[in-house]
Amino acid sequence: MLYQFIFHTLLRRVDAERAHRVSFAGLRALAAVPGTTRLMRRVLGPREPELRVRVFGREFPGPLGLAAGFDKNARGVAALTALGFSHVEIGTVTGQPQPGNPRPRLFRLVADRAIVNRMGFNNEGSQAVSERLRAHRARRARDLIVGVNIGKTKVVPDSDAVADYVTSARRFADLADYLVVNVSSPNTPGLRDLQATERLRPLLSAVRRTLDEAGRPDLPLLVKIAPDLADEDIDAVADLAVELGLDGIIATNTTVSRDGLATDPEEVAALGAGGLSGAPLKERALQVLRRLRARVGDRLVLIAVGGIETPEDAWARIRAGATLVQGYTGLIYGGPLWPRRIHRGVAALARRDGFASIAEAVGVDVDPSAKPSTASS
């Protein structure tokens with residue numbers, strides 16, 4: 001495959017962050033050519049009827065979206081959707097602009113098909129990013145599905161964390177198709193402490209109240225959690241999300257664990273701190289998803305992310321309770337045709353297993369009472 005040849009002979013030798021910046025700029029330049037995004041969406045986008053799923057009051061053409069972290073500043077939403085993603089989650093965006101952590105801060109573990117990052121929420125801030133997204137909406141109406149992932153500004157003290165999130169929520173209230181409160185990145189000191197329910201409750205309540213005051217009580221609100229939470233903490237967050245009337249949970253963010261890696265331990269240690277994404281996260285992310293589905297059933301929309309590489313991975317997440325799935329590292333290693341391969345593969349797996357729609361398959365491996373549609377057999 002051409003991309004694999006380019007990756008292994010060229011891209012892997014280039015600093016990971018620089019490679020990302022150059023390739024993303026190239027994609028945006030291509031998408032700027034009149035008619036290109038329309039053609040790309042027609043060729044690469046999900047078209048199989050089995051893939052359509054209605055979530056958050058919108059019809060998603062397929063389950064696979066781009067996870068937060070790739071397009072932090074809403075610079076390439078149209079271009080990324082044209083690659084075949086059903087939705088793009090921008091961010092993480094913070095209340096104030098910030099440069100993130102010192103470079104280098106993004107590393108590939110090729111032997112593990114993984115990435116270690118300690119980017120530190122580098123972004124232009126919610127004021128600038130919301131203005132860019134507003135301009136995009138003015139040009140394209142709301143034909144693209146865009147989620148917004150918000151986090152805490154590093155220099156903001158913990159005592160002002162809620163106000164920082166609220167600032168971003170207010171700015172994106174009329175622009176986002178769904179809003180994600182990110183309390184699970186390992187790269188902002190103290191951020192994961194916000195996952196404790198006694199701190200998460202006032203935060204989520206304040207964000208929900210802000211959306212109500214902004215005239216968007218219907219804006220879907222989700223929380224993104226870490227894979228490193230203990231089982232009882234996962235249950236506590238799930239229960240809180242149901243209690244507060246949230247719309248969903250994204251499971252999971254990156255992990256701080258380095259267990260079971262094929263890369264030499266000394267090489268891994270030399271990279272330093274950061275969140276690990278990619279194939280090594282697969283099993284734990286699936287475990288967390290299963291636990292969430294068993295806890296909340298269909299009361300919340302679950303979005304699965306972490307270690308999804310193949311159609312089989314995505315299909316397993318859907319059967320375990322995910323209505324939508326997301327990827328980032330899979331795109332880096334799989335190349336620009338990766339979204340199309342995932343969507344086509346999932347459609348084939350749905351047909352193989354007797355489902356007329358992927359919506360019928362959500363949670364069937366956790367809820368034995370669910371069965372394929374007889375009309376599809």
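Including glycine, each Cβ sits where the backbone N, Cα and C put it.
Just so it is clear, the model here is predicted, and its values are computed rather than measured.
Per Swiss-Prot, these features apply:
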{"type": "ACT_SITE", "residues": "SER185", "note": "active site, nucleophile"}
{"type": "BINDING", "residues": "ALA68, GLY69, PHE70, ASP71, LYS72, THR92, ASN149, ASN182, LYS224, THR252, GLY278, GLY307, TYR328, THR329", "note": "FMN binding site"}
{"type": "BINDING", "residues": "LYS72, ASN117, ARG118, MET119, GLY120, PHE121, ASN182, ASN187, ASN253, THR254", "note": "substrate binding site"}
When a 10 Å sphere is centred on the Cβ of ASN182 (substrate binding site), how many other Cβ atoms does it contain?
26
Counting Cβ atoms within 10 Å across all protein chains shown, which of the recorded positions ASN149, SER185, ASN253 comes out on top?
ASN253
Take the mean position of the Cβ atoms of LYS72, ASN117, ARG118, MET119, GLY120, PHE121, ASN182, ASN187, ASN253, THR254, the recorded substrate site. Which other residues of that chain put their Cβ within 8 Å of it?
GLY69, THR92, GLY100, SER185, PRO186, THR188, GLY275
Among LYS72, ARG118, LYS224, which are binding-site residues, the residue with the most C-beta atoms within 10 angstroms of its C-beta:
LYS224
Where the distance is taken from Cα to Cα, which of the binding-site residues ALA68, PHE70, ASN149, LYS224 turns out closest to the residue listed as 'active site, nucleophile'?
LYS224
Just the number: how many Å between the Cα atoms of LYS72 (FMN binding site) and ASN253 (substrate binding site)?
15
If you pair up every Cα among LYS72, ASN117, ARG118, MET119, GLY120, PHE121, ASN182, ASN187, ASN253, THR254, the residues annotated as binding substrate, what's the maximum separation in angstrom, rounded to an integer?
16
Cα-nearest neighbour of ASN149 (FMN binding site) within the listed binding-site residues, ARG118, GLY120, ASN253:
ASN253
What binding-site residues in the list ARG118, GLY120, ASN182, ASN253 lie within 10 angstroms of LYS224 (FMN binding site), counting C-alpha atoms?
ASN182, ASN253
